[in-house]
């Protein structure tokens, strides 16, 4: 008997599933707190050269701060003071209104920088002077974290398919807490980068295992709801990050505060069930029966519990994603789509200062828009399916990014913000759909391997995404053009994937190699027959 039929009999959307979702909120809200942490932890406040080297023991020491800046720091073409250069000698003629300093010699900052601490008391940039020629090191902290996620995704995917979802979640909780705290108290830049790498590797487990565990416990009719409700954890976490970062202005304590919900996750882990679908696929009928009985009792459906039998499956690896034609095509297309989704999403999310608003306000707008957008996505997926939803959201993301290319930063900041928020919302929609879509496309025996593989490619694209912003020094529109192009290409590739609306979750690779159309028709027929039987 197919697992989906068993699950429908004991209620695929009851108190048991609600408890599962609520427990995992505690860990999932930590994901955006860390993935978007660089927006605040690595923020670069206004800064200029430390001018103590110009103090000649006379006139300079008696000047006001404004006068010191006028005679010590050259102006850029747009009138703002340079952040990376200073005059080799004080230009006192500026005090009398004369600006004939075209030939005045300038040098790189000699004694470090002075930072504006009105918004951020301490960031990575201010503590280790990651500005000017060293600004790439600031971007590299985000890249190191995302490379860690990239490496952790296939590892947790493989081991959770091998040893189960529940124990690997515990490993992820413990290791994330340990490495996050170590990164918060790192005395040196390289130690910090290393700890952020391992933090990302550990968080990958929470990212891919939690959504799979939820989807595998929900019935066909409520699977769309499970994917959307789980994605709302990201929106809640994004809002939580704004609140934490606004009240915690020191980057070290910010990391600790952003990780603290995981302590509650450890306490509630004991109430998390193992995936009965995974247990059955691996021949553990007794354990599966135990969890299914718990589900039936909590959902008041103990009247129906048949003897569970399932063919024991052999261990699978990531290689099985490419052995047979149909799953190979799915794997290749999903890899491209995931890369495009992640690349554009983090290109927008990690550039919140580019919309002309306070970063806290921008983050609040982004997170607030995600909630109504996901409600719209839910009804769209129920009506039209996953494939058109994924393709449309990516193509619209590319469209809004394309529009913003032609809107100058100095022109109507409100319009730039609106277009940016719409682009971010469509990008978030594509991320919401692709998680659900992927868990439905890959069979149970390699579902976590599949998520690990696609997450690996996504995190690879994400790790490159922050560095793309450095290309604006070559041509200021180049990053936007790249993000736009990638979104459009990924949207077109998404059109090549099969639809999974109302289809049973495949349990074996053979289920994938069967004709998807026939599987869909049979599933819909069974659902209709089951509904008619219940009404009678």
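Just so it is clear, glycine is given a Cβ too, placed from its N, Cα and C backbone atoms.
The transmembrane segment annotation in TrEMBL falls on one of the ranges 100-119, 120-139, 140-159, namely 140-159. Record note: among 292-310, 311-329, 330-348, 425-443, 330-348 is the stretch given as transmembrane segment by TrEMBL. In TrEMBL, the feature transmembrane segment is placed on 393-411, out of the ranges 393-411, 450-468, 507-525. Matching 61-82, 171-192 against TrEMBL, the residues noted as transmembrane segment span 171-192. Counted over residue pairs 6 or more apart, the CB atoms of the transmembrane segment (360-381) and the transmembrane segment (171-192) come under 8 Å in fewer than three pairs, which marks the two as apart.
Highlighted: of the candidate stretches 140-159, 198-218, 330-348, 477-497, 198-218 has the greatest count of Cβ pairs under 8 Å to the transmembrane segment (171-192). Computed over the domain 'Major facilitator superfamily (MFS) profile' (89-502), the whole-number mean pLDDT of the model equals 85. The list of residues near the transmembrane segment (140-159) in space but at least 6 beyond its ends in sequence, with Cβ under 8 angstroms from a Cβ of it, reads 34-35, 38, 42, 124, 168, 171-172, 192-194, 196-205, 207-209, 317-318, 346, 350, 448-453, 455-456, 458-460, 462-467. Packing against the transmembrane segment (330-348) from elsewhere in the chain are residues 35, 146, 321-322, 390, 394, 397-398, 401, 420, 423-424, 427-428, 430-431, 434, 438, 441-442, 450, 453-455, 457-462, 464-466, 468-469, 479, 483, 486-487, 489-491, 493-494, 496-498, 512: each is 6 or more residues past its ends and has a CB under 8 Å from a CB in it.
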